[in-house]
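Structure first, then comments.
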Amino acid sequence: MSTLPSTDPPPLPASTSSQQPAVHIPPPSYLDPTTYPQTLYLDPERIFIELTYHPLSPSTYLAHTRSPAAGANVLFLGTTRDTFEDKPVARLAYTSYAPLALRTLSSIARDAVAKHGLCGVSIAHRLGDVAVGEESIAIAISAPHRGAAWRAGEEVLEECKRRVEIWKREEFVGEPPGQGEWRANRDTDPEGKSTS
C-alpha cells in the first residue's frame, strides 16, 4: 500500500543559538525621507508636483507656473495652526503613498488646466513633521484672468484634500511624541468644520 507524501512543511534547521540574527529590512523607498523630494514636471502643461520632507519654497512654485500669457498668479499656503477643536497642537505629521499621490496630484492639476484654461499649476506637499506656523501645502496657479485663477486654486485645494493619498496625524501639546489622532485631510470642510 502506498502512502501519500506529507503536506507538512519540512522542519526548520536547528539553531545553535536561542537568538535569531536580526534581519534588517529597509523601508520601501516611498517611506524613506532620503529619497525626497520627489517631483514631476509636465511640459508643455507647465505642471509642477512635489512631495518633500523639507520646508516648502513658495517662490519656487510660483516660478514654475509663471507665464507671459498670465494676468493672474495665485498662491495658497496651508499652514499648521496652533489649535484644533480647542486643543493646543504641537505639530502635524504627514505620511503618504508617494507613487499614487504623485499620480493623483498630476491628475488634479491636469483637470484644472483643462477646465480653467490655466497657464500653469504647481502643487507641493510636505511629509513628515510640520511644526506650528510652517506650511504643509502650497498651490500656485497661473491664469490669463484672476477669476479663473481664484476658482482653480480653491478647486485644486479641495480636490487634494478629497482625493490625494496623504494622511496626517495631529499631535497635541502634552502628549508623548508619536501619539495623536490620524485624520484624512477631507475630515473638515473649507471653513474648518468637521465632516465626520
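Cβ atoms here come from the backbone N, Cα and C positions, even for glycine.
Annotation comment: Swiss-Prot describes 1-29, 174-196 as region 'Disordered'. Among the features that Swiss-Prot reports, substrate binding site is placed at His145, Arg146, Lys161, Lys168, Arg169, Glu170, with the record citing sequence analysis. According to Swiss-Prot, the feature compositional bias 'Basic and acidic residues' maps to 183-196.
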Task: Maximum Cα-Cα separation in Å among residues His145, Arg146, Lys161, Lys168, Arg169, Glu170, which the record lists as binding substrate - done: 37
Task: Most Cβ neighbours inside 10 Å, all chains, among the binding-site residues Arg146, Lys161, Lys168, Arg169 - done: Lys168
Open item on the list: So if I draw a 10 Å sphere around the Cβ of His145 (substrate binding site), how many other Cβ atoms end up inside it?
Closed with: 12
Open item on the list: Can you give me the same-chain residues 6 or more apart in sequence from Glu170 (substrate binding site) with a CB-CB distance under 8 Å?
Closed with: Phe84, Val89, Leu92, Gly180, Glu181, Arg183
